[in-house]
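Heads up, the thing below is written out as structure tokens.
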Amino acid sequence: METSVPIVFVQQKQIGDYDKTLKAHREGKIKKLLEMNGQDHVQDSYDYDLIVIGGGSGGLAASKEAAKYGKKVMVLDYVTPTPLGTRWGLGGTCVNVGCIPKKLMHQAALLGQALQDSRKFGWQFEEKVQHNWETMTEAVQNYIGSLNWGYRVSLRENKVTYENAYGEFVGPHTIKATNNKGKETFYTAEKFLIATGERPRYLGVPGDKEYCISSDDLFSLPYCPGKTLVVGASYVALECAGFLAGLGLDVTVMVRSILLRGFDQEMANKIGEYMEQHGVKFIKQFVPTKIEQIKEGTPGKLKVVAHSTDGGEVIEGEYNTVLLAVGRDACTRTIGLDKVGVKINERSGKIPVNDEEQTNVPYIYAIGDVLESKLELTPVAIQAGRLLAQRLYAVFLSLVSGVPPLITFVKKCCGYMALIYTFIASHFVYHSYFWPLEWTVPSRDNNKCYAKIICNIQDNERVIGFHVLGPNAGEVTQGFSAAIKCGLTKVQLDNTIGIHPVCAEIMIFCCGEQKGSPTE
């Protein structure tokens, strides 16, 4: 007997009064009934409420958030070894072969520069300073290992089941998990989340997979790479070339066309100029067509044959290591999406989703780098994972808004710099060069740092774009990004009291020179 009104029916099934309806909503039963679409029944029992495929930043965030709401959650994570056999633990690209080791090796390069600067501050040392690659990589990998373990502990504490196995859809609501011994186990779930990320792309020329390395190999490479050719002009290519050069290695970057395609080219060119001034060589408008091994070893010696992009010239060069950084591919083509009808972009492998990260199959969602036309940033994936779990299992609704308007990338390049790409309409551009205080005593790189902001003329000069090249650019950007998202205007920026002496105050005191275009 019902004790209150209204009496609720869904799909001709009586739910009950207010209290029973609220309880059914919290348990997800009403949503199940609404998703029946004329089916005779909905499966009442699955092995899990949610299975997450991929144990990277976004997948882990979503799984733990869903578990907070009492949901039974499993994470499947498996790293397919690189052609050279490199693999890693739980945590995804950022932790294992991306942001974390890259910043640590970047710091090693900074320390080398600091040693040179220290002489001007009165430090005296006669012995030749050398860098030990093996010591650095051991320390970096030990730290990453501690993070891997921490993620496993965190999943266990949140009552999330973790299995080191490769997930592949085999039918509706059903997935096959294959561990590294080939054992197959089948699981069912009410919902699935694809968070498999991307892996480095290879050139498709003779010798690329046999002899070249990628960023997946570099950070755990057991020997110093020696004379290195970096192929590519992406932020990954320039970041790696920057810290390798900072460690004292002979580094050359082979560029097919332009640096940092899609980024503000004024900033990109300044980065290239800075890198050249600090010893990085560039070979432009050339692409490798063959890599041959001349001598085995750690490192060995490789011969690279390259053709000019117009096909009119062929060059050869010898290097100890060839690092490929020519793009990344979404890990979506071998996880059985065709068996459950999930649509992907056939060219890129990316998955189109709606505003709630839902694929064309209602019970399958996707987040992170596998998404089509979405930001490929770790913080965005983490936020998307958390908000998705909240939308699915909590009462309130929230959509991820990503990063501040028109700020789409924050990446450290060539050891010292950061780049942010923006797209502008009608605007004023304010810009200035500056000289960090830390660089003044050793008298290096006077006025090589640069900053500019872009303001919307028609909206009270609201700040819509932000660029900075200089030390700690990521730290500077984080603070300003919040202000920009809150509608910061040029007047408000001008009226802000700066913190002295820091590089960030350039945005307040010195960005006063105006020019008409961000790329002129």
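Think of each number as a place in line: the chain as shown, counted from 1.
Every residue gets a Cβ built from N, Cα and C, even glycine.
Disulfide connectivity taken from TrEMBL links CYS94 to one of CYS99, CYS212, namely CYS99. Cβ neighbour count for HIS500 (active site, proton acceptor): 9 (other Cβ atoms within 10 Å of its Cβ, all protein chains included). GLY232 (NAD(+) binding site) and GLY167 (FAD binding site) have their C-alpha atoms 31 Å apart, to the nearest angstrom. Largest CA to CA distance in the NAD(+) binding set (GLY232, ALA233, SER234, TYR235, VAL236, ALA237, LEU238, GLU239, GLY327): 14 Å, whole number. When the recorded positions CYS94, VAL236, GLY327, HIS500 are ranked by how far their Cα is from the Cα of GLY167 (FAD binding site), CYS94 comes first. Of all the recorded positions in the record (CYS94, LYS103, HIS500), the one with the smallest CA separation from GLY327 (NAD(+) binding site) is CYS94. According to DSSP, the secondary structure content of the domain 'Pyridine nucleotide-disulphide oxidoreductase dimerisation' (429-506) in residues is 29 helix, 23 strand, 26 coil. The shortest Cα-Cα distance from ASP369 (FAD binding site) to any of the recorded positions (CYS94, CYS99, SER234, LEU238) is found for CYS94. For CYS99 (disulfide bond), the spatially nearest entry among the recorded positions SER234, VAL236, LEU238, HIS500 is VAL236, judged by CA separation.
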